[in-house]
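Pulled from Swiss-Prot:
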| type | residues | note |
| --- | --- | --- |
| DOMAIN | 2-195 | domain 'DPCK' |
| BINDING | 10, 11, 12, 13, 14, 15 | ATP binding site |
């Protein structure tokens, strides 16, 4: 069974993915995959080198420099994003195939823009994760995401209401870690996945 996580930025999707690990889930962490691709994928590195001056350091993509180009969100960035999404999708398909061989009960996709990139089509269920505005603001502050970047990210995402409507379950991460874990356990139990 494959579960995808969705929600706004700074709501705790990666934390929820880690909670699922406690119940034996394998997690596909797209951010980790992208970090690896920025180090080794020759097509992605070459494209960045040609289109984003200064974004390559020691043969790898420098995420800090690259993030400045994100704010332009021009055709070069959209093409770059398409290359990255395609490479991540290839890695996801390998991950799913390998996991089928060992017959694991649960895979969790921690993929930013899960719905927008259509990665949700791999999922049996989708969980909408949310937090109250105070908790979300605190997390965004900890990640040094300023208003300009937040506004751009929000503009390329589906509206939160639509994400919620497309989801099968919801988890509120505004509460204690224990309560969040109990919400994850309730979902695992409802899907008869507990061991």
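Sequential numbering from 1, following the chain as shown.
Glycine is no exception: its Cβ is also placed from the backbone N, Cα and C atoms.
The ATP site is set by 10, 11, 12, 13, 14, 15; from the centre of their CB atoms, other residues of the chain with a CB within 8 Å are 7, 16, 129, 131, 139, 173. Long-range Cβ neighbours of residue 12 (ATP binding site) (same chain, at least 6 residues apart, Cβ-Cβ under 8 Å): 129, 131, 139, 173, 180. Annotation for residue 11 (ATP binding site): same-chain Cβ neighbours under 8 Å, separated by at least 6 residues, are 129, 130, 131, 136, 139, 173. All protein chains included, residue 10 (ATP binding site) registers 20 other Cβ atoms within 10 Å of its own Cβ.
On its own chain, residue 14 (ATP binding site) has 29, 31, 110 as residues at least 6 apart in sequence with a Cβ closer than 8 Å to its own Cβ. Cβ-based crowding with a 10 Å cutoff singles out 13 as the top-ranked of the binding-site residues 13, 15.
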